[in-house]
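These notes are about the structure you will find just below.
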């Protein structure tokens, strides 16, 4: 049985009354229900409210997603209490839409899977509280999901990928390099020592005031940087990738942010404009910081591949590198990683962009994987808790650093 620490976030016991009676009012169209196992996945770890039903063969029977992006763009970042309230306002509708699209009721489900770690505490609490009430009302098994494990395994829904494989998870909240040896068997090779790449790109976008740019006003920060960088010259400014002399697989993005912030301040003074106005060189700055980010990610990933092959953790041939998370949708960064994959005889695989960002499908699929393997399927949820902070797998990053693998220089012809 999966036991979680009692020091993690406490969830009040669901009320005995069947508060989700609305679920019994679904108009279920007559049809032949699949004999396959069905898992409802619920995702509320950050600022997206997602739900989906997936069967054991990987068919997505229904899904729904509510994004809070436009709300948080106006506030300059995610405000946890606001995210919590928006989850509360939308989770019932999202789950109802998902089940209606499948033409099933909760009684038809084999289990309910929900993200409980890691993430924003207030957001995680909404999803877990809602899920536990469904679990108790309909007497279904509960499958607690690790958000980053779900991202890592999403590729097995869309592609035939066998264990082991290497995964780079890059988003606004995480930057992790891990070897995936099984459904719940991960070796952590490296992680960000400070902030995540998506967070850094968002902060640079805010510093450049890209929300005021006509091409970028409705985009997230990272997407705005990618869009603007297409018109920029990355050679116009020199921004070097961080940690170039550290022979490990860890990452750092705070330095990139500070260097870029100083550059922006300098250019504002040079152009005689106030903070908050658009620089004429904004596209060049975006291109330079994006290139430095891509090179940093590529070099650490290159070292991870070499380490895994040296230690016989990956096959010398036919090795697979999976890149997932919101930043994985950046095509420039993906191209840099493709160069590394080609140089190391690896196959680079990325989930479709809509599955790279947070969604209910990946949670439901992770539930299916766990249900099939008999891992972490709970029938007693009395002690279940959410965990805002939670590591991924077994950390062997020190062993990677001790190997001190020198990475050959690659020409990043991007």
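Any Cβ shown, glycine's included, is placed from N, Cα and C.
Just one of 47, 261, 284, 358 is listed by Swiss-Prot for the same divalent metal cation site as 147, 151, and that one is 358. According to Swiss-Prot, the listed position annotated as N6-acetyllysine out of 18, 139, 247, 299 is 299. Swiss-Prot names 169, 170, 171, 172, 173, 202, 222, 226, 329, 330 as substrate ligands; from the candidate set 154, 347, 357, the record adds 357 to that same site. Of all the binding-site residues in the record (171, 173, 358), the one with the smallest CA separation from residue 140 (N6-acetyllysine) is 358. Sequence-ordered, the extra residues of this chain that approach the divalent metal cation site, with Cβ no more than 8 Å from the Cβ center of 147, 151, 358, are 43, 45, 115, 148, 150, 171, 325, 362, 363. Nearest neighbour of residue 230 (N6-acetyllysine) by Cα distance, taken over the recorded positions 151, 171, 203, 329: 329. DSSP classifies residue 329 (substrate binding site) as helix under the three-state reduction.
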